[in-house]
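Visitor: I'd like to ask some things about the structure below.
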Amino acid sequence: MSQKELWYETLHANFGQYFSVENVLFREKTEHQDLVIFENPELGRVMALDGVVQTTERDEFIYHEMMTHVPLLAHGQAKKVLIIGGGDGAMLREVSRHKNIEQITMVEIDAGVVEFCRQYLPNHSAGAYDDPRFKLVIDDGVNFVNQTTEKFDVIISDCTDPIGPGESLFTSVFYEGCARSLNEGGIFVAQNGVCFLQQDEAVNSHNKLSHYFSDVSFYQAAIPTYYGGIMTFAWATQNPALRQLDLATLQNRFAQAGLACRYYNPAIHVGSFALPQYLLDALTTIPKVIGVDSSE
């Protein structure tokens, strides 16, 4: 067997996954992080930041469809959407499929990610960067939500893991800013890691979000690239009814939106809020914290 170059993910200290590398398309240390894009025979083009896989061509649709269509169809009347992160462009691609949306703002801390992904991962954005409804802001997400006077109907935090530049997007000061930046009836969602291996992330997010939102939960999807089982997405709103929509309502909204998805459908939407018992147990034993330290 011919010797192939192997790339090892470094997210976990004692176990993990590796990828065979057919061709390194791009490698550079940007202003904020180490970025590499390479080709894998099974997963297509793969992007990693600081040693952690962020996205692959093969299965990115699962992640991006669930991060966008669940909150947008649950809301039902979203006009203004804010994406935090999302420099690869796929979240923008999925949001832009909703024709009733009037404005899409994306705040990305690293201009290099946007530039290089447009060149080396063009299928992710699929032309969405040219959508006239789209506005790109190069800024830190925490700074943006705490400085802006705009209000949004849905906020999607397409953050990395809570290390490096992404760490601030798991803090109380960020969640407070997001709550303040939502219109009445608005929804906040965020990636929250693989709950079997990163359960503390979900517990910490739940604890902090509960200070600013009356309904906090998670939904889930299995995404092969993210090693360790199902990925959880944080869900936060002031209206618990948005998490409990019946299947018929979602089917009607899905049909009206005219979406054709590869993973998402209304039944998946309803079922995604069913969580494993070990996570439910962890969330029900969260210690109550008096006061909020905005630096955490």
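Placement of Cβ uses the backbone N, Cα and C atoms for every residue, glycine included.
Swiss-Prot lists these features:
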- D158: active site, proton acceptor (ACT_SITE)
- Q33, E108, D140, G141, P165: S-methyl-5'-thioadenosine binding site (BINDING)
- H64, D88, D158, C159, T160, D161: spermidine binding site (BINDING)
- 5-238: domain 'PABS' (DOMAIN)
Visitor: How many neighbouring Cβ atoms, not counting its own, are there within 10 Å of the Cβ of D158 (active site, proton acceptor)?
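Guide: Around D158 (active site, proton acceptor), other Cβ atoms within 10 Å: 27.
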Visitor: Using DSSP and three states only, what is T160 (spermidine binding site)?
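Guide: Coil, per DSSP.
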Visitor: If you draw a 10 Å sphere on the Cβ of C159 (spermidine binding site), how many other Cβ atoms land inside?
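Guide: Excluding its own Cβ, the number within 10 Å is 22.
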Visitor: According to DSSP, does H64 (spermidine binding site) sit in a helix, a strand, or coil?
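Guide: In three-state terms, H64 (spermidine binding site) counts as helix.
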Visitor: What kind of secondary structure is D140 (S-methyl-5'-thioadenosine binding site) part of, going by DSSP in three states?
Guide: coil
Visitor: Around the C-beta of Q33 (S-methyl-5'-thioadenosine binding site), how many further C-beta atoms are within 10 angstroms, looking at every protein chain?
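Guide: Result for Q33 (S-methyl-5'-thioadenosine binding site): 21 neighbouring Cβ atoms inside 10 Å.
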Visitor: Between H64 (spermidine binding site) and D158 (active site, proton acceptor), find the distance joining the two CA atoms and give it rounded to the nearest Å.
Guide: 9
Visitor: Between D140 (S-methyl-5'-thioadenosine binding site) and D158 (active site, proton acceptor), how many Å separate their Cα atoms?
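Guide: D158 (active site, proton acceptor) has its Cα 13 Å from the Cα of D140 (S-methyl-5'-thioadenosine binding site).
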Visitor: Which of the recorded positions D88, D158, C159, T160 has its Cα closest in space to the Cα of Q33 (S-methyl-5'-thioadenosine binding site)?
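Guide: Given the candidates D88, D158, C159, T160, the nearest one is T160.
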Visitor: Sorry to bug you, but what's the C-alpha spacing from D88 (spermidine binding site) to the residue listed as 'active site, proton acceptor', rounded to the closest Å?
Guide: 10
